[in-house]
Amino acid sequence: MAPSADTSFSAHVANQFTSYEHDRQSKSQDTLYATSNGVPMPHPYEAQRVGENGPLLLQDFHLIDLLSHFDRERIPERVVHAKGSGAHGYFECTDPLDDLTSADIFSAKGKKCPVTVRFSTVGGESGSHDCARDPRGFSVKMRTDEGNWDIVANNTPVFFLRDPAKFPYFIHTQKRDPSTHLTHADDSTMFWDYLCNNPESIHQVMILMGDRGIPDGYRFMHGYLGHSIKLVNKNNEWVYCQLHMKSQQGTKFITQEDSASKSPDHSQKDLYEAIQRGEYPKWSVEVQTMTPKEAEELWEKQRINVFDLTHVWPQKQFPLRKVGEFVLNENAINYFAEIEQVAFNPSHMPPGIEPSADPVFQSRLFSYPDTHRHRIGVNYQQLPVNASRTGYKFGNFQRDGSMAFYNQGARPNYLSSIEPISFRPRSVDLDKAHGHFQGQAISFLSEIRPEDFNAPRALWEKVFDDGAKERFINNVAGKMEVCGEKELLKRQIAIFREVHPDIATRLEKATGIKGYDGIANMRFNGSHNGMAADKTLRTANDTKGVILSHSDNNGAPTAGTHRSK
């Protein structure tokens with residue numbers, strides 16, 4: 001293709017902006033081999049040297065450029081969710097939610113937007129096995145007319161923790177041992193050491209060690225935001241919301257025994273080939289909602305905390321309401337450009353969607369964009385897969401930085417009175433959408449309470465059938481078998497005993513280890529023990545001088561929390 005006769009820089013820039021998709025779709029036969037600066041080369045394997053047996057020449061730009069770029073081909077892998085798969089598709093609103101939110105994408109039936117979805121395991125590195133027993137990441141980038149909305153979810157409705165400072169340390173325990181460099185498959189000591197000292201993790205442990213612990217590929221699992229967010233309508237009235245993404249393919253699982261027979265890339269292969277065959281996977285998007293008053297009453301009457309990532313909302317009490325569906329109908333053409341470089345940020349929320357005071361969610365609002373700026377670069381949102389698709393031309397005063405591409409031309413990089421930028425009137429009154437918090441600064445760490453065992457107990461008693469219970473015991477016992485520290489297992493069995501005595505009895509039989517009678521006489525290094533019989537055991541890690549957050553709410557909203565300004 002001959003270049004344009006227009007030799008202006010503006011013509012050159014215009015071509016760069018339009019050539020991305022052309023390059024993305026081009027075949028090798030359509031291209032001419034050249035160096036990175038566009039100079040044609042007769043053969044890629046040649047090297048310049050002094051004579052046939054002499055040293056290489058530094059002037060050989062082709063070789064130097066080749067080796068230098070090769071040395072930098074890898075960007076840092078994600079600290080969490082390193083192994084993943086993804087695809088593109090679209091979301092369509094089927095049941096408007098305009099009574100509850102002013103979010104444009106939920107405003108009318110038939111409203112659509114493109115999406116990119118990435119699924120992943122959590123703990124393993126980028127080359128780890130797709131069928132590891134591990135939660136699965138489930139992230140959706142919705143390119144709405146009013147900016148990107150990144151739904152950063154998992155395939156489980158809860159997580160292992162509710163105190164944000166625990167997250168980095170918990171993830172450390174899911175990685176390789178710093179000395180032996182072994183994973184949990186050979187040494188599960190770190191795994192159980194964390195869990196037996198942070199018993200609020202038990203709800204997630206019940207799910208992880210159950211059938212949902214190894215989904216049969218990404219198409220056959222649900223997604224859950226887990227955190228409470230807020231939906232704000234045009235009248236600035238708001239409700240709490242939990243977001244669910246329900247697989248229209250149903251759910252399937254792989255047993256621990258069968259997982260060893262699967263390809264290391266089982267989930268990637270299944271998703272990619274299904275889309276190639278035209279079997280496009282689909283999920284319904286559904287919400288649970290709760291008024292501020294209901295949130296207060298939920299804690300006062302049922303001890304369920306809407307700010308607690310280890311708790312769930314009862315669906316009979318807060319039924320699901322469908323809002324739309326998304327379908328994945330397009331595989332990535334280039335995995336690195338479109339899946340490895342895609343970056344999800346839970347603080348990306350369009351008008352009508354706001355964060356709650358969930359402390360783990362609040363910490364993620366900072367941590368996710370911070371890791372993208374490190375991993376990809378400060379201008380990561382200029383990459384095509386991360387770019388927004390708004391119904392208006394937008395600008396701001398951010399400039400420069402590494403790999404700046406859209407640098408906003410000659411427009412002022414400040415609020416200019418000579419060339420003023422346009423503004424849209426505020427659509428969400430933040431003074432009404434968020435609480436008016438007032439209080440002393442405190443050092444907060446949650447404590448384990450009896451109510452933390454209610455949902456795990458319901459799983460055992462009402463959800464798991466006899467076969468599921470047997471598989472659960474086998475999965476836990478197998479994981480315990482590769483832990484050399486029996487004291488940790490005695491403690492963990494005691495935590496299981498608080499869920500249901502039957503679990504502890506079965507595990508003791510399966511492992512030959514007698515667990516403690518319960519947690520009343522235990523101290524935890526990670527959590528305060530609100531169930532301790534001896535008050536001296538209540539503080540985490542026997543910390544001296546700790547003033548417990550000894551109110552009854554354990555971080556939950558109580559009566560009067562949502563008072564008006």
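In case you wondered, yes, glycine gets a Cβ from its N, Cα and C as well.
Where the annotation comes from TrEMBL, it is an automatic prediction and has not been curated.
Record features, source TrEMBL:
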- 20-40: region 'Disordered' (REGION)
- 28-38: compositional bias 'Polar residues' (COMPBIAS)
- 34-422: domain 'Catalase core' (DOMAIN)
- H81: active site (ACT_SITE)
- N154: active site (ACT_SITE)
- Y368: heme binding site (BINDING)
- 546-565: region 'Disordered' (REGION)
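Across the fold, the C-alpha of N154 (active site) and the C-alpha of H81 (active site) stand 10 Å from each other.
Note on the compositional bias 'Polar residues' (28-38): DSSP counts are 3 helix, 1 strand, 7 coil. Across the domain 'Catalase core' (34-422), the prediction's mean pLDDT works out to 95. For the residue listed as 'heme binding site', the number of other Cβ atoms no farther than 10 Å from its own Cβ, over all displayed protein chains, is 19. If one looks beyond the region 'Disordered' (20-40) by at least 6 residues along the same chain, the residues whose Cβ comes under 8 Å of a Cβ in the stretch are 61-62, 65, 69, 333-334, 337, 384.
On the backbone, the CA of H81 (active site) and the CA of the residue listed as 'heme binding site' stand 12 Å apart. Of all Cβ atoms in the shown protein chains, 22 besides its own fall within 10 Å of the Cβ of N154 (active site). Around the Cβ of H81 (active site), 23 further Cβ atoms fall within 10 Å across all displayed protein chains.
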